Each structure stands twice: as C-alpha cells, then as structure tokens.
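Here TrEMBL flags 7-89 as domain 'Fumarylacetoacetase N-terminal'. The Ca(2+) binding site feature in TrEMBL is assigned to ASP97, GLU170, GLU172, ASP204. Annotation comment: TrEMBL describes TYR99, ARG113, GLN211, TYR215, THR315 as substrate binding site. Sequence annotations record features per position, and here TrEMBL assigns active site, proton acceptor to HIS104. If you look up TrEMBL, you'll see 138-164 marked as region 'Disordered'. Residues or ranges marked as Mg(2+) binding site in TrEMBL: ASP204, LYS224, THR228.
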Amino acid sequence: MTGFGLNNLPYGVFSTPGGAPRVGVRFGDQVLDLAATLDDSTFAAPSLNPFMAQGRARWTEVREQITGILSGGRRAVLHPLADVRLHMPFEVADYVDFYASEEHATNLGRMFRPDSAPLLPNWKHLPVGYHGRSGTVVPSGTGIVRPTGQRKPPGQESPDFGPSRRLDVEVEVGFVVGTPSALGEPVPTGAFADHVFGVCLVNDWSARDIQAWEYVPLGPFLGKSFATSLSPWIVPLDALAEARVRTPTQDPRPLPYLVEDDPWGLDLSLALALNGTTVSRPPYASMYWSPAQMLAHLTANGASLRTGDLYASGTVSGPSPDQRGSFIELTWSGQEPLKLPDGSTRTFLEDGDEVTISGSWGDVSLGEVTGRILPARR
Ligand SMILES: O=C(O)/C=C/C(=O)CC(=O)CC(=O)O
Ligand SMILES: [Ca+2]
Ligand SMILES: [Mg+2]
C-alpha cells in the first residue's frame, strides 16, 4: 500500500485537536490510537520511552497484538493522519553520531585535509564517532535557524563572526535504544536487537565553515549542535528483518569485540530532496560499519545505555556522485554547483530552502524528515 502496511507498523507520538500527545502506530494513512485501543496507560505517555523501556519480549507481544487487531477487524481506534499533529517520538537521552560511510569519510578527508591520506589510520579499526547535543534534536518540520558562529575562510587572516555561509545537510539513519544496559558492562554485537528498538531518519544539519575552523583537535562542536532533525515514525527492527545484509568486506578484520555473527547491515534506499527535487539517492547497504558494531563500540569501555539514547550512522554516501549524502560532497566543497530544474544553481543551503530526506526498504517506508532554513537571528 503506502509503505505503511501490516509489515511496517512504526510507532510515533501524535495528538488530535484538544487532546494530549500519546503513542500511535501508523497504518496506511491512519494512526492507531494505542492507549484507546489497548487500554494500557503506557501508551498514554507523550513519548515512546516508557514502552521502549519494557524490552524486546514486550515489543514483540505488542506488535503481534496490533497485527491481530488491524488484520482481524477487532475494535481499533483510528484517526486519519491528516487530522493529527505529530510530535517528537521519544525523549532523546544521549546522542552519538558516527562516521560509518567509507565514501563520505574519504570525500570529507579529501576536502578538509587535502595534504594527508583521506582516511585516518584508526578509521578501519573502529567506528569513529562523537557525542552530540541531545537537547537540540528536533522533530521533522521544525524550522532551522541559520546558525551564527566563527568563520575563517581560506585566505582570510583572522576569524570573524556571522551567519554560516556553508549550511549543509547530512543524510543519516538513526538507531533508537529501548533497553538500558548496566554501567561497566559492554553490550556485545550479538545483543544489538535486545537493546535497539527501532530505526528512523536523521538530518544532521552542519555548518561547514564553522566546522572547518573549530574542529581540530576535538571534533565537531557548534558547527553541528544547533539542530538535528528526526523523522516522526520509529520503524521496529522486526519490520526490517528481511532488509538485513552483510556490510561490505572489512579488511583488516576488526578486533574480536567488533565481529558480528549475524549481519546487521541494512539494504535501505534513501533519498535527499531540495525544494521538491531529488538530488541524491544514498544506498545504506554501502555503510562500512553496521549498527551492531557501532553499539558494541559505543559501550566497549563500559559506558551504559539509557532508554531513549539515539545514535546515528553518520552521513550515508555511496560510491557514485549522485549517491552522496551532503551538499559539500555533491558540489565538491561548492566548486561544482548543482543545477536545479528552475534554472537556478545551488552550492550550500539558502534561506527558505526546504530539505526532505526519505527512506525505505521495499514497501516498508521510513517516512521522511523535513526542515526549512530560516534566516539567521540578528
Ligand atoms: O572529516 C571530518 O573532519 C568531519 C566529518 C563530518 O562532518 C562527519 C560527521 O558529522 C559524521 C558523519 O555524519 O559521517
Ligand atoms: Ca553527521
Ligand atoms: Mg547536528
């Protein structure tokens, strides 16, 4: 049907006019009102966190119940999607962003560090990542104010302060943790599905001029912390069982704690659209590190997981130029502007631009995450 049939059933948080935000499941162009249908107060919460904290056995049980209700015509409270407002689906605990695409890491290495090897020596030994800012993860549709910060273009002797001139996107896939883990206890790759509840789309907005000046030696900071957008529907891992593929061959072989027996690469097709025109189609199957390896690495030092932790894959870029997941790559640092159907060209984002990332596996849709650029505050 629409990408939201019985084989998908993603969870989100919605409200009807005058009603409180509560948990819903998308079915076609309708939203199943879970609190009203199952008479379970877990789903009356304004976030998925209480349900996600209950763990995999409960997630499976509820998915079976919902499937039974929607296929067997049992009493269900459904609202037309057009009549509801969608909210942040869960409360983000900690937020981590990885860097798991070899193509993206190579492209950015070439542009940011033209005088050294594009991949740093650690890159094929561990999934490189950084901790982001969970408080600025925003729901799809939130306007993105152009950030202001320190900029130092090449050839300019000292930095100045002003609105970013190189505002960009990053097409990413997000993984949402349900079951927490104990401090001091690493989570092995084989326990990925016990902890991760589901998958969504992420746009890691990035101000390339701020980033290029600030990032050495501690990594991304204000160039990325102003906003990160999230899609409204969290697709359960169960809906993606058939999407699983092996990652590309990993050479050198990763250390034992990063080896995965069951493959958790995902054959998702993503798309990046600017003002309604698709400009790129990044293939998630090309990602070098799997989300199970990312989780094992994230906890290898004993760092604990909390319900609502979000970790993103890093920008998804495939091998061909029309598969790149950011404008800095698509326009090669602004040197090769994109031509748009209205005859205009684009390097980085302009005020008023609207960006939409969508994704799917077969007829299982991840929906979309969208955002429009608002002028800088003055
Ligand atoms: O190579 C760098 O210095 C930085 C690259 C990024 O902007 C990466 C980032 O946010 C991680 C990713 O999305 O892949
Ligand atoms: Ca990123
Ligand atoms: Mg961000």
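Any Cβ shown, glycine's included, is placed from N, Cα and C.
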Neighbour count (Cβ, 10 Å) for HIS104 (active site, proton acceptor):
28
What binding-site residues among GLU170, ASP204, TYR215 have a C-beta sitting less than 6 Å from any atom of ligand 2?
GLU170, ASP204
Under a criterion of Cβ-Cβ distance under 8 Å and sequence separation of at least 6, what residues of the same chain contact GLU170 (Ca(2+) binding site)?
VAL202, ASN203, ASP204, TRP205, SER206, GLY314, THR315, GLY325, SER326
Based on DSSP, name the secondary structure state of HIS104 (active site, proton acceptor): helix, strand or coil.
helix
For the Ca(2+) site given as ASP97, GLU170, GLU172, ASP204, which other residues of the same chain have their Cβ within 8 Å of the site's Cβ centre?
VAL171, VAL202, ASN203, SER206, LYS224, THR228, ALA312, SER313, GLY314, THR315
In the domain 'Fumarylacetoacetase N-terminal' (7-89), how many residues does DSSP call helix, how many strand, and how many coil?
33 helix, 20 strand, 30 coil
Please go through the binding-site residues TYR99, ARG113, GLU170, GLU172, LYS224 one by one and keep those whose C-beta falls under 6 A from any atom of ligand 3; give the result in sequence order.
LYS224
Looking only at ARG113, LYS224, which of these binding-site residues has the biggest number of Cβ atoms within 10 Å around its Cβ?
LYS224
Of ASP97, HIS104, LYS224, which is closest to GLN211 (substrate binding site) if I measure between C-alpha atoms? They're all recorded positions.
LYS224
How does the region 'Disordered' (138-164) divide up by DSSP, counting helix, then strand, then coil residues?
0 helix, 12 strand, 15 coil
If you count CB neighbours within 10 Å, which one among the binding-site residues GLN211, THR228, THR315 has the smallest count?
GLN211
Determine, to the nearest whole angstrom, how far the Cα atom of THR228 (Mg(2+) binding site) is from the Cα atom of the residue listed as 'active site, proton acceptor'.
18
